Amino acid sequence: MGEKKRLLINMTATAVSVMVQLGVNFLLTPYIVRTLGATAYGFIPLINTIIGYTGILTAALNSMSSRYIALEYNRGNYEKANTYFRSVLVANLIIACALAVPGFLFSAFPQWIMRIPAELVQDVRMAFLFAVLSSELSLMLSVYGCVYYVKNRLEKSSVRNIESNLLRAGVLILLFMMLPAKIYYLTATMLIVAIYTNAANVYYTKKLTPELNVRAGRFSMTSVKELLSSGFWNSVDSLSYTLLVALGLYLANVFLGPAIGGDFSLAKTVPAVLLSLAGTMVSVFAPQLMQYYARNRRSEFQKFLLFSLKMSATAYALPVGLFVVFGRHFFELWVPTQDAAHLQAMSVLILIPTLFSCGSMVLNNAFIITDKLKVPAIAFLVCGILNIVLVIPLLLWTSAGIWSIILVQGILDSLKNFLFVPWYASRCLGYSFRTIFLPVLRGICCLMPVIAVCLVYDRLVAIDSWLDFFAGGAVCAILSGVICMFVALNSAERIRVVGMIRRGGR
């Protein structure tokens with residue numbers, strides 16, 4: 001299969017996967033909020049965030065495993081690839097055993113680390129336990145997930161995600177229909193998804209990469225040290241993300257209370273989904289970049305990198321612009337019992353800075369591929385530390401409340417992703433700053449025509465139902481999408497995109 005058609009298939013499958021996940025979340029959340037309340041619902045993303053802090057410890061090993069395995073596999077060095085494969089598996093089993101102790105301790109006593117209403121303690125305890133079990137299983141078998149990256153078969157991963165999300169939705173609906181509503185159903189079904197996903201990863205590893213075999217490799221402490229040394233800065237990056245972004249929910253719970261924390265969780269839902277969409281979309285480009293780099297095809301690497309920057313930023317500007325204008329309508333329809341204007345204000349202020357994150361994600365892939373992680377990680381850490389240094393005093397000594405968390409994070413994240421990351425990427429890759437910065441800027445500029453089209457539509461057409469909302473979104477996305485192709489892409493790139501779409505239909 002040709003590279004362009006493979007890319008289109010990967011992008012299409014990934015988009016469908018994300019849409020299914022988005023649909024499942026948005027269909028179930030209003031029912032959960034109506035049944036259990038926003039405060040109870042807020043503990044689910046908070047628990048997932050706390051569990052996610054373990055990624056600080058595991059990122060050093062696992063963030064680079066796919067790179068090293070893919071490089072050796074695509075070079076035909078299967079013995080070395082298997083050594084990395086087995087070494088990562090064994091190391092992850094050891095780490096999982098070590099993390100099980102604090103994980104199960106906090107499952108038994110979640111009130112030690114969170115403010116929880118007395119009537120919700122038992123539910124939160126069970127929710128935390130299921131989340132820990134899911135995290136432990138995924139960590140132990142995470143190396144099997146690299147198969148899609150190694151073989152550039154991300155559509156297989158997307159199909160797996162579609163199936164797992166539909167499975168989770170079906171089980172959740174049955175649980176809420178047949179039993180009294182509990183928040184821990186959400187993390188219990190995440191455990192079911194983890195079991196299914198990891199089983200699929202093992203199956204596809206054996207099917208797509210039969211050359212990768214745990215028994216064929218040997219455990220090498222030298223290989224583990226090599227991965228840890230290379231991935232150390234990814235752990236720093238993970239710590240920085242926690243300090244700058246992920247800690248916001250926890251600070252809201254501790255300093256402002258579970259009720260405000262619940263509203264903040266709802267406001268972060270759309271930005272979180274769109275960022276997940278961006279990350280998934282960017283991951284589609286990563287295997288091709290890796291293959292160009294591994295085969296020393298530097299000219300193709302540069303062209304594909306710049307194309308990736310434009311495409312990802314342009315595609316991301318569409319839903320952001322739609323939500324900036326139609327966000328209030330969305331919350332009025334989605335959670336009618338909540339303050340839609342307040343939720344939209346928080347969501348938009350969270351969302352706008354993420355415009356700069358999409359290009360940053362593409363360039364972060366380039367940092368991983370070229371093994372240039374130290375300086376970006378230090379810059380990210382400085383931003384994370386500044387965030388904590390500024391936000392906690394604002395929470396303690398001012399009435400800024402939740403806005404201090406949102407605004408400080410947004411400003412620091414924007415400065416890092418819009419200015420520093422493109423500048424450093426240009427130095428690492430030997431390109432001019434203009435070469436990297438202009439594709440990012442052109443993609444971000446697409447936000448203006450999207451907002452303009454949506455504002456005109458919103459003034460002319462009333463949006464009072466989900467049918468109105470989706471019809472308006474579709475019309476505005478098509479019109480503004482055509483405009484954005486001329487804003488962000490040159491004529492050759494527009495021809496390439498149209499050609500990819502035509503080939504995908506055959």
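Yeah, the Cβs are placed from backbone N, Cα and C, and that goes for glycine too.
Taken from TrEMBL, the feature transmembrane segment covers 7-28, 40-62, 83-106, 126-150, 162-179, 185-204, 239-260, 272-293, 343-363, 375-396, 402-424, 469-492 (among others).
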Discussion item. With CB pairs under 8 Å as the measure, which of the listed stretches 40-62, 126-150, 239-260, 272-293, 343-363 comes out on top against the transmembrane segment (185-204)?
Written reply: 126-150
Discussion item. Which range wins on Cβ pairs under 8 Å with the transmembrane segment (126-150): 40-62, 239-260, 343-363, 375-396, 469-492?
Written reply: 40-62
Discussion item. With contact taken as 3 or more Cβ pairs under 8 angstroms (pairs 6 or more apart in sequence), are the transmembrane segment (375-396) and the transmembrane segment (239-260) in contact?
Written reply: yes
Worksheet entry | Long-range neighbours of the transmembrane segment (40-62), counting only residues six or more past its ends (CB under 8 A) | 29, 32-33, 88, 91-92, 95, 99, 103, 106, 110, 113-114, 116, 120, 123-124, 127-128, 131-132, 135, 139, 142-143, 183, 186-187, 224, 227-228, 231-232, 234-235, 237-239, 242, 246, 249-250, 253, 258, 261-266, 268-269, 272
Discussion item. Given a Cβ distance threshold of under 8 angstroms, which distant residues of the chain, six or more beyond its ends, lie next to the transmembrane segment (469-492)?
Written reply: 310-311, 313-314, 317-318, 321-322, 326, 329-330, 333, 439, 442-443, 445-446, 449-450, 452-454, 457-458, 461, 463
